[in-house]
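Undergrad: Pulled these from TrEMBL:
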type: TRANSMEM; residues: 20-41; note: transmembrane segment
type: DOMAIN; residues: 33-182; note: domain 'G-protein coupled receptors family 1 profile'
type: TRANSMEM; residues: 53-75; note: transmembrane segment
type: TRANSMEM; residues: 95-117; note: transmembrane segment
type: TRANSMEM; residues: 137-156; note: transmembrane segment
Amino acid sequence: MSSNLDFISSLNYATMQINRHAAALLLLFGTIGNLLNICVLTERSFQQNPCSIYLSWSSITSLIFIWSGFLTRVLQGYNVNWPNENAIACKIRQLFLNVTWPMGIWCLVGANIDRYFCSHSSITLRQFSTNQMAKRFILGIFVLFLLLFIEVVYCFEGSIPNVPVLCYGRNIPCRLYKDWAA
C-alpha cells in the first residue's frame, strides 16, 4: 500500500515539474517565434501580399492560444489554480482556446489556398488572390468559430465537483457538444 502511495506521489511531483518547466519553455519559445513572425510579416514590403496576411493572423491567434493555454499550466505547476476555479476566467480561457486554435490552423489553410490561386494558370482563379479576399476569409472563419464555440459561455464552469479537471462542462449535453464540436 505504501509503495502505491509513493508511486502516486512521485507521479504528481513529475506532473508538477513538467507543468512548471516544459510549459514555461513552450510559452517562452512560442512567444518569441510568433512575435518574430508578426514583426517580419507586418513590414511594409509584405503588406501587398495576401499570404502574409494569413500568416500574420495565424501567428497572432497562435500567440493568444499559447498565452491562454500554457500560462495556466505554468501557474498550475506552482499550485495557482485561480484561472480554472474562477467561473469567468474559466469561460474566457476556454473561449480563447476554442476559437484561436482552429483560427491559426485555418489561416495556414487560407495561405495554402492563396498560394494555389496565385500560381494558377487561370486568370479567373488568380483574381481570388487579393488582400480583400484574405481579410474576408479570416473574418469568416473567426465568425464561424466564434458561433461554433459560443456555447462555452454557458457550458463551462470552474470548480465543478467530481470531474477530472477544474474548468469543465457543467452537464452531459455540454460535454458531448464540446467533444463533437472540437
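Positions of Cβ are set from backbone N, Cα and C atoms, glycine also.
Heads up, TrEMBL stuff is auto-annotated, nobody curated it.
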Undergrad: Could you pull out which residues elsewhere in the chain have a CB under 8 Å from any CB of the transmembrane segment (20-41), counting only those six or more residues past its ends?
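TA: Residues 52, 55-56, 59-60, 62-63, 66-67, 70-71, 73-74, 77-78 contact the transmembrane segment (20-41) from elsewhere in the chain.
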Undergrad: The domain 'G-protein coupled receptors family 1 profile' (33-182): mean pLDDT?
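TA: Averaging the confidence scores along the domain 'G-protein coupled receptors family 1 profile' (33-182) gives 90.
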